[in-house]
Each structure stands twice: as structure tokens, then as C-alpha cells.
Amino acid sequence: MKNLPKLNWGKSNGLIPVIIQDFKTNEVLMHGFMNKAALKKTLEERRVTYYSRTRKKLWTKGETSGNFQLVKEIFVDCDLDTLLIKIRQIGNTCHTGKRTCFFKKYAHKKRKTNQSALRASL
């Protein structure tokens, strides 16, 4: 992890999105943001630290709950502006007590289409 490429911090005011994924199951657990200080702390401690856009400060996942995220691998996307961090999750990820923050499934409802109105709009 010492060989991370130079990241593009300029696109989002010094922040980069971070996708957190379970290293064994590949399940997406959460999404957050890091600034340079959060990434530095994450690399040093091997526990994921984020930058809170709301509180304007660093926070390490698990520092109050004990549900730490232990870094296994870090991937950088092709534009060098997003990280994918594979972790071993201690406890649950979500503050709601769920394993993942992505537990609300979008249920797309089928709508009856008025075919003649659709054709008329084309």
C-alpha cells in the first residue's frame, strides 16, 4: 500500500469517495469520503478513517462502537479519484445495526404504458 499512485484530490474539493467492500464476500458495505489526512491515518493504522463532511472532522469507523474496519486491500479507480477498500469488518457496518448500509432495496414498480401516448410523443 506504500505504492499508491498520486490521487486526484481536485475534483471534489480535496475529498475522494471511498467504497468499502468485504474482502471475503465482496459485499459492498458502505460508502464514505476521505481527505489526505484520513487516508494517511488509514494507511498508518490499517483501520479505515473517514472525513465527515457534516462534522468537518476525521472519524475512525469503530472508535465509539467497536465495529472497526480492518484494511486488507486498497484499489484505485482508473481516474485516480475513487478508492475501493476491501476490509475485514468487526461487528456491523451500519449505524442502524445492519451488516451493510445498503439494505434498503429499491422496488421498481411496473407501470402501465399508454402506447398511443408514447408513440405520439416520439
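From the backbone N, Cα and C atoms, a Cβ is placed for every residue, glycine too.
Per TrEMBL, Mg(2+) binding site is recorded for Asp77, Asp79, Asp81. Counting only same-chain residues at least 6 apart in sequence, those with a Cβ under 8 Å from the Cβ of Asp81 (Mg(2+) binding site) are Leu7, Asn8, Trp9, Lys11, Ser12, Ile16, Pro17. According to DSSP, Asp81 (Mg(2+) binding site) is assigned to coil rather than to any helix or strand.
Residues annotated as Zn(2+) binding site in TrEMBL: Cys78, Cys94, Cys101. The 10 Å shell around the Cβ of Cys101 (Zn(2+) binding site) contains 17 further Cβ atoms across the protein chains shown.
TrEMBL lists 30-103 with the feature domain 'Phosphoribosyl-AMP cyclohydrolase'.
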For Cys94 (Zn(2+) binding site), the number of other Cβ atoms found within 10 Å of its own Cβ: 14
Asp79 (Mg(2+) binding site) versus Cys101 (Zn(2+) binding site) - Cα distance in angstrom: 25
Extra residues within 8 Å (Cβ to Cβ centroid of Asp77, Asp79, Asp81), Mg(2+): Asn8, Val76, Cys78, Leu80, Thr82
